[in-house]
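*Asks:* The following block contains the structure, expressed as structure tokens.
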């Protein structure tokens, strides 16, 4: 301790280091009185830069994790009763998305998901499941869904029409030739009566009967195309024997007047006119 004599009052003024320490502690508690060091300034600027780069809505605390962007799987339409999309069945994706007009089953690779269709041994089989391979009731269906009796998926490709006949239930395609109209030739079956009478077939390539070409020499058309009278005394008859189309005897001009009309699908039509009714 130091003793200081004051010239004014000749009194002792004792000084100690305690006020100085108090001043120092008070100045240390004041933030404005402390100037940060260069290392502290660099650290604070680095933390501020990292906070600025952090996306909005996330926390910088160590305990919280940043949410990741969830990638939602693309949805495809399910259309029961419509053929399956060939591109989706083969590759598992479809570029048309919800605009595609075909069906996109739950499992494009085929097979049955046991979690979707219950197996109930002893119950009757679900007819809708056996036919289409799907059941709209899912696990609530009360019938059996055997996985080994799924129907074979029919896949349609946007290509040209196949010239083969595909019988249901057969693994190999039955090769069937087509006539000049695109109708099937089946020599071992009966003649298509619709085609024989009208020259066309409403069933097309799916018809199970024979459609011979009109110019074949060994086929005989057993039916006549008779129509109502166009005018009094005028009738139309068709020449049905294809083997003798060019060998038909023409009546003499003394009895009849022969007028050739036209040739339609191999038929030669003639108008037999009575000379008394002719103009």
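A Cβ is built for glycine as well, from the same backbone N, Cα and C atoms used for every other residue.
Swiss-Prot lists these features:
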type: REGION; residues: 11-77; note: region 'Disordered'
type: COMPBIAS; residues: 16-39; note: compositional bias 'Low complexity'
type: ZN_FING; residues: 79-107; note: zinc finger
type: ZN_FING; residues: 120-148; note: zinc finger
type: ZN_FING; residues: 186-214; note: zinc finger
*Asks:* With DSSP as the yardstick, break the zinc finger (186-214) down into helix, strand and coil residue counts.
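*Replies:* Final tally across the stretch: 9 helix, 2 strand, 18 coil.
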*Asks:* What mean pLDDT does the predicted model reach across the zinc finger (79-107)?
*Replies:* 82
*Asks:* Can you break down the zinc finger (79-107) into helix, strand and coil residue counts using DSSP?
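*Replies:* Summed by class, the stretch gives 9 helix, 3 strand, 17 coil.
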